[in-house]
Amino acid sequence: MAEVVSPVPGAGRREPGEVGRARGPPVADPGAALSPQGEIIEGCRLPVLRRNQDNEDEWPLAEILSVKDISGRKLFYVHYIDFNKRLDEWVTHERLDLKKIQFPKKEAKTPTKNGLPGSRPGSPEREVPASTQASGKTLPIPVQITLRFNLPKEREAIPGGEPDQPLSSSSCLQPNHRSTKRKVEVVSPATPVPSETAPASVFPQNGSARRAVAAQPGRKRKSNCLGTDEDSQDSSDGIPSAPRMTGSLVSDRSHDDIVTRMKNIECIELGRHRLKPWYFSPYPQELTTLPVLYLCEFCLKYGRSLKCLQRHLTKCDLRHPPGNEIYRKGTISFFEIDGRKNKSYSQNLCLLAKCFLDHKTLYYDTDPFLFYVMTEYDSKGFHIVGYFSKEKESTEDYNVACILTLPPYQRRGYGKLLIEFSYELSKVEGKTGTPEKPLSDLGLLSYRSYWSQTILEILMGLKSESGERPQITINEISEITSIKKEDVISTLQYLNLINYYKGQYILTLSEDIVDGHERAMLKRLLRIDSKCLHFTPKDWSKRGKW
């Protein structure tokens, strides 16, 4: 969801998902035909040699996306099937297994078996699971359960529901009101999910529960739980439709082409770090042929050479991001940057972020966004560690649009610190928030971990009164943490804490969950101190404040 201005002179505002097509490394003609000799062309699939995380050789299936010739030597840009795009790379002929090559099929003139044309005409045919053939789309994989709803028009009540019928977090219905229940078809075994304010009792799980907390049901509400890294909606025929892409900066992939599928920057030098980009970013085309792209680590302006960077540093007087410093504790600081007042910095930040974010599109206008940049201080200045952006006005309660920790600082707790800071701002604003969907794979892992630790911290801190089991509602958890109710319910589902016992929902915390949580919290050394936050929310509904 990086909000970016194209630095190409004369470029105008782009529509969502639109990315410049005249950029990237030189590629062969995408329409090249298959030669009689059977040479390797775009669209071919074959095993390619690579090293895995254990430093062992493996031969995963890969697709040839592009071919180029450098000094008489051919290089092939490959995408490993079922692997993340950040692993795509240029390989030599020696790493290809030509014995198992699959040439691309010609585009079919008639629909395929599922009634729809293939997703990529030039690709070899693939087997489509039976469950997805009906819709012709790849469905997101649920965390725990899959439910389908048969909803009547105007949300009419469906009588006859059983009081102990399992409900998903997408229904949030009152278990005691049979006449107002929606009919739920359980496709796979499900754990009952409570509504937002219904009281419940708690019992030990297998005799090993250390704490048990009651959960509680309120008004009917259709929630949208974060089961996967993509939002899904229920279609009228009961089959989940394609991922919902209504976020302000979500890429709909309608303009995805051979250029934007390929990394176009070889290396970026940012301060004392050299970064290897994961994805395409629309830097000017003349910069994509350079072995290294040099960036000023304070204003993020880019240059063609080290000499250009050194000349720029003699003129650049910034030693921290522009904007207001709203948090400082130790060496960690956060700066709030207005996308309208600091347009150049915001655009450069988004160009850099797009190198590591794949699910988001680029926008010309950064005015509707605020950027919160986390830095680490030393004697030379404030060095960027990561950032997140958010809309000044969000109609869907989004408190994060894009979030990124730069690769040199990953796996050090900074990702959770960024997430915690975003929710701390939501607490000051008096709102609940949720990140914009879809999340990347790494983003989803970070958010799940943060939600789990935060909610378990609340549950384990409850104390029983007069010997009774402690009780808490979904609404109360949401108000304390500023985590949206749908995310609270999906996290409880993910942790498998919810059980339905004697007519009420209970939460059981086993010794394993408690011990695992305590070990994780011992490793989490970086935390946000609300006393160090100096932040006053603004009313962005008044356009004059933009």
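Cβ atoms here come from the backbone N, Cα and C positions, even for glycine.
In TrEMBL, the annotation region 'Disordered' applies to 1-36, one of the ranges 1-36, 37-72, 253-288. Confidence over the domain 'MYST-type HAT' (260-537), given as mean pLDDT on the 0 to 100 scale, stands at 92. The Cβ of Glu436 (active site, proton donor/acceptor) has 25 other Cβ atoms within 10 Å, all protein chains considered.
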